Amino acid sequence: EKKERAEDTPLHGIYLPCFFILFGSIFFWNVYVTLGALGLCSSLLAYRFLMEYFRQKDLLSISKFNKFELIDKTIITKDTAIYKFKLNDPDESIDIPLCYNLMCKFNLPIEDDDNDNEIGGSNKEVKYQDYFRYYTPISSKYEKGEFDLLIKSYPEGKISKIFASLQIHQTVSFKGPVGKLPPTFLPSVYDDPDEISKSRLLMISGGTGITPMLRVIIESPVTLNLNLLHYSTSANNLYLKDEIDNVQFLRKNFNLKYSFGKF
């Protein structure tokens with residue numbers, strides 16, 4: 001794990017040096033020395049705030065899309081993979097609230113059947129449109145510098161097929177977290193454990209829809225009774241099975257049922 005150097009922090013890298021410069025200039029009792037110290041400290045502070053401004057511009061944002069680089073792709077099945085993206089700040093981590101997602105954007109040509117009727121088609125104007133999809137990260141909120149997405153590609157899926165064709169070092173535009181579910185839909189860990197134990201949460205998921213359910217299971221109070229019914233085409237296509245099995249072993253009040261078949 002990368003450790004942050006003391007000189008890179010605002011306190012030791014900017015604020016304390018400025019304090020000692022200004023404090024030391026007092027002993028000279030010279031207006032020019034004091035003005036010079038003030039100018040130097042102002043420049044250091046301006047540099048610090050400017051660097052922070054440009055750093056924030058590239059971070060994951062709720063309000064605007066930023067590009068993130070694909071650094072690894074792990075094939076899980078013939079149509080599913082885990083895509084690892086690098087955050088633009090190695091010390092940044094994404095803390096997505098429960099049942100919230102990341103939104104990705106692709107600007108793609110609009111498919112227009114009328115264009116097929118044009119002679120040659122060489123003079124037609126290609127129009128583009130933004131397409132959006134929502135994905136739940138499967139990586140921990142404590143993991144710094146990167147995040148993982150589990151994505152299944154569908155034959156008719158416009159965006160999922162693009163993900164499948166991505167090469168390492170290509171970028172994708174993301175923003176987030178986005179969602180509408182209130183954060184109080186689950187009992188708080190500070191609520192009465194006896195009262196929580198009287199509650200039961202039923203979850204139904206299918207395929208890669210297991211990803212948001214896993215986060216609910218992990219982050220919900222340990223005394224909350226959980227039931228998950230998960231659909232899959234076959235036992236070979238169970239995603240995140242090891243993680244789910246580990247949680248089931250640790251949480252005795254978590255009941256898991258699988259259902260297999262076409263759906």
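Each residue, glycine too, has its Cβ placed from N, Cα and C.
Per TrEMBL, the features are:
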TRANSMEM  14-47  transmembrane segment
DOMAIN    63-184  domain 'FAD-binding FR-type'
BINDING   Arg133, Tyr135, Leu150, Lys152, Lys158, Ile159, Ser160, Thr211  FAD binding site
Among the binding-site residues Leu150, Ile159, which residue has the largest number of other Cβ atoms within 10 Å of its own Cβ?
Leu150
I want to verify one value. Collapsing DSSP to three states, which class is Ser160 (FAD binding site)?
helix
Cβ neighbour count within 10 Å of Lys152 (FAD binding site):
18
Looking at Cβ-Cβ distances, which residues of the chain lie under 8 angstroms from Thr211 (FAD binding site) while being 6 or more apart from it?
Tyr135, Thr136, Pro137, Ile138, Leu150, Tyr239, Leu240
Restricting to the chain of Lys158 (FAD binding site) and a gap of 6 or more, list residues whose Cβ falls under 8 Å of its Cβ, or answer none.
Leu108, Tyr131
For a quick check of packing: other C-beta atoms within 10 Å of the C-beta of Arg133 (FAD binding site), how many?
17
Count the other Cβ atoms sitting within 10 Å of the Cβ of Tyr135 (FAD binding site), across every protein chain shown.
22
